[in-house]
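Q: Quick one: this structure, given as structure tokens, is what I'll be asking you about.
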There are 2 protein chains.
Amino acid sequence: MSALQILQRDPGSQARVGVLRVERGEIRTPAFVPLATKGTVKGLEAREVAALGYDMVLGNTFHLFLEPGADLIAEFDGLHEFMGWRRPIITDSGGFQVFSMGHGTVADEVKGRAPAGPDRMGRVLQIDEQGVRFRSYIDGSERFMGPETSMEVQAKLGSDIALVFDECTPFHVDREYTARSTERTHRWLDRCLAWHDAHGPREQLVYGIVQGGVHEDLRVASTEEVAARPVGGIAIGGSLGAEKPQMYEVVGWATAALRDDDRPRHLLGIGDVDDLIRGVELGIDTFDCAMPTRLGRHGVAIAPDPENRWRVELTGARHKHSREPIMEGCPCPACSAGHSRGYLRYLLKNRELTGVRLLTLHNLAYLARLMAGLRAAIAGGTLAAHAAALRAGAAP
Amino acid sequence: MSALQILQRDPGSQARVGVLRVERGEIRTPAFVPLATKGTVKGLEAREVAALGYDMVLGNTFHLFLEPGADLIAEFDGLHEFMGWRRPIITDSGGFQVFSMGHGTVADEVKGRAPAGPDRMGRVLQIDEQGVRFRSYIDGSERFMGPETSMEVQAKLGSDIALVFDECTPFHVDREYTARSTERTHRWLDRCLAWHDAHGPREQLVYGIVQGGVHEDLRVASTEEVAARPVGGIAIGGSLGAEKPQMYEVVGWATAALRDDDRPRHLLGIGDVDDLIRGVELGIDTFDCAMPTRLGRHGVAIAPDPENRWRVELTGARHKHSREPIMEGCPCPACSAGHSRGYLRYLLKNRELTGVRLLTLHNLAYLARLMAGLRAAIAGGTLAAHAAALRAGAAP
């Protein structure tokens, strides 16, 4: 039985509204999932993220594995207790991060030793069927992560939803590489499921990850391979294309192949406003992305302005004298307190933490409302009109 | 008539509990005043500072003069509206900061040109009777601040309480220098009052600043000089000595000389727990200090531990496995949410904003409770016993 209860389907698209039930509670879907990469949504406390209306956050297996380590978090009874977030948590597998370290070398598969010594993300030393050996960016020590390691770490973190360890196939590789990489991802999927079956927490859902790059047959085949396993949900990962239309096409291949599958679907690393709207129409249930929090740290606010990609750069000189809030009528802590664009610009230009925080709160509040509005529209049978209004610049 | 209404005096000390009434509201005294140096209490929003129980914050004339500039803040109807803090604000005069730039050169008075180009705090170019010429640390431009400039900036900021422009006499200078410097501070006091009388906002209180270094006769004379003027309150500044006993002695000379003066007394730059207790006993009404917020940014929490100067270094390895809160029973956002020392240590070591914020909130909550307890003890006639318990390690 699927953990996702679908309450209503949109007649004009593949969108569905539902409730995803996991160990620690319920997630109203479709939902955006903020990143708590290193055990905190940057700058916010758990209670604030909950107050914004979020049901789930995403923890990062790779970073937490290196620091403070899964054993320490297990000692604190898992990630929920460690970070004081007692609602659902999904953990990524670490696959994306370990393969990101090897950018450029991944394409040639095992290229042998990269230059030693840690940089910002560490260094890949070797990639083979077993997994990935790399140097930690924390202390330069040699570490290993493979399918079993990833599942073991996620078991110790105690997340509600674990993602299997995959190779996040880069965009610039050829079809042949993508096909081989996707096949290995499927073999790793089986190893992850075997480990979890033998050792994993019963109550933890495990999502498989669809790869296959931008090749329709590979994507469809990967979707079918993953769906054929007893996974609790299906995540769509890897390269989704260079442009948004291609991304939508690639996601559509996967969700079309899952048309009769009621299990929850997660789209990895996507969070732009237009992408969330289209993703919902394509039948995605949950999304995660660094975008809203990262934009906030760089002084960019989300606003209902499609012509500027729903973005306002508050550090711009044109806001210096502005007494307007980021967005009229917005109930977020920054706008409802009456903070002006001029004040926020001043804070951001002077790198004051308060400015970063106010923008992070605004951006996450925006996406929470966007998703709540999309859920209400699906439930009310008005998704097409609602999506059209959003695309024309309506407030969420 | 004094803006301070003294409600009760402690029979065993010079302590007094009262209400200080200024344009934007009331300050319950004795009170600690958090620093909102650059238009924000670092990492917090105005509404959070109010929720901690603070009635007033301190804005920094020097920093706000340079960035974003007093004219811009005036355009936003003053500092209260600009930063969204609609309770009282006291602004320092900028004297401390411009003289801090010249550390080492101040002792020799006008030393001519210092090396050009801005560093972290800028550079003093010239100090004379008119004021101080210096290079801005923002853009290297040449700027000037004297008594009239300072008062004009504070008028534009629209603070409830302005401090006069003084020379903050350093500790390492001799008596002769201190005497001459203190005399100039008195001449500047008259110029500040004259400017304010002619141009300043009627509803803005102006505090004079007592100097005189660690010399009893100079301190007493300076106190009498300041008190003889029609100032709204008296601040005690400058070098207060190398050790705490000397600081208490120096402050005591000033407050003894003000024994029959009901005007509010502010002690500049003092905020350690033991100093606040002693300061209250010596008859101080308000205190400001970077300590609680700065300690928070450096991973140090305030706790009822007199043997360790009321400080806990949370980045220490001994907290790695600790599931204890910073302080049992503390109602602050960090402790009441159940965040463990282990989690806070992890956040702080990884420079997560969330950790800095939680410690800042805890430290300010601690001092707010400390001052509320002292006020209640004075009102209830139990200050001696309460202060003794605090010094023995009682919770605030």
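Note that Cβ sites are derived from N, Cα and C of the backbone, with glycine treated the same way.
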Q: For the substrate site that TrEMBL assigns to A:Asp92, A:Ser93, A:Gly94, A:Gly95, A:Phe96, A:Asp166, A:Gly238, which of the candidates A:Gln211, A:Gln246 is also assigned?
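A: According to TrEMBL, the candidate sharing the substrate site with A:Asp92, A:Ser93, A:Gly94, A:Gly95, A:Phe96, A:Asp166, A:Gly238 is A:Gln211.
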Q: Taking A:His298, A:His362, A:His386 as the options, which does TrEMBL list with A:Cys330, A:Cys332, A:Cys335 at the Zn(2+) site?
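A: Between A:His298, A:His362, A:His386, TrEMBL records just one in the Zn(2+) site with A:Cys330, A:Cys332, A:Cys335, namely A:His362.
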Q: Which one of these stretches, A:38-44, A:108-114, A:269-275, shows up in TrEMBL as region 'RNA binding'?
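A: From TrEMBL, the annotated region 'RNA binding' range turns out to be A:269-275.
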Q: Region 'RNA binding' per TrEMBL: which of the ranges A:118-122, A:263-267, A:293-297 is that?
A: A:293-297
Q: In the same chain, which residue numbers or ranges, 6 or more beyond the ends of the region 'RNA binding' (A:269-275), come under 8 angstroms Cβ to Cβ?
A: 32, 96, 237, 240, 244, 247, 287-292, 302, 306, 309-310, 367, 370, 390-391
Q: What same-chain residues lie close to the region 'RNA binding' (A:293-297): Cβ under 8 Å, and 6 or more beyond its ends?
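A: For the region 'RNA binding' (A:293-297), the far contacts come to 34-35, 41-43, 311, 356-357, 359-364.
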Q: List every residue in the same chain as A:Gly94 (substrate binding site), at least 6 positions away in sequence, whose Cβ is under 8 Å from its Cβ.
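A: Result: A:Asn60, A:Thr61, A:Phe62, A:Phe65, A:Met145, A:Ser150, A:Val153, A:Phe165.
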Q: Measure the Cβ-based neighbour count of A:Cys332 (Zn(2+) binding site), defined as the other Cβ atoms within 10 Å of its Cβ.
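A: Result for A:Cys332 (Zn(2+) binding site): 24 neighbouring Cβ atoms inside 10 Å.
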Q: Counting each residue once, how many in the region 'RNA binding' (A:293-297) are helix, strand and coil under DSSP?
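A: Secondary-structure breakdown of the region 'RNA binding' (A:293-297): 5 helix, 0 strand, 0 coil.
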Q: A:His362 (Zn(2+) binding site) has how many other Cβ neighbours within 10 Å of its own Cβ?
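A: Its Cβ shell of radius 10 Å holds 29 other Cβ atoms.
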Q: For the domain 'tRNA-guanine(15) transglycosylase-like' (A:14-388), what's the mean pLDDT in this predicted model?
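A: Value for the domain 'tRNA-guanine(15) transglycosylase-like' (A:14-388), mean pLDDT as a whole number: 93.
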Q: When neighbour density is defined as the number of other C-beta atoms within 10 angstroms of a residue's C-beta, which of the recorded positions A:Asp92, A:Asp166, A:Asp288 has the lowest density?
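A: Looking at the recorded positions A:Asp92, A:Asp166, A:Asp288, the Cβ with the fewest others within 10 Å is that of A:Asp288.
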Q: What is the number of residues in the region 'RNA binding' (A:269-275) that are helix, strand and coil, as DSSP sees it?
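A: Tallied per class, the region 'RNA binding' (A:269-275) gives 3 helix, 0 strand, 4 coil.
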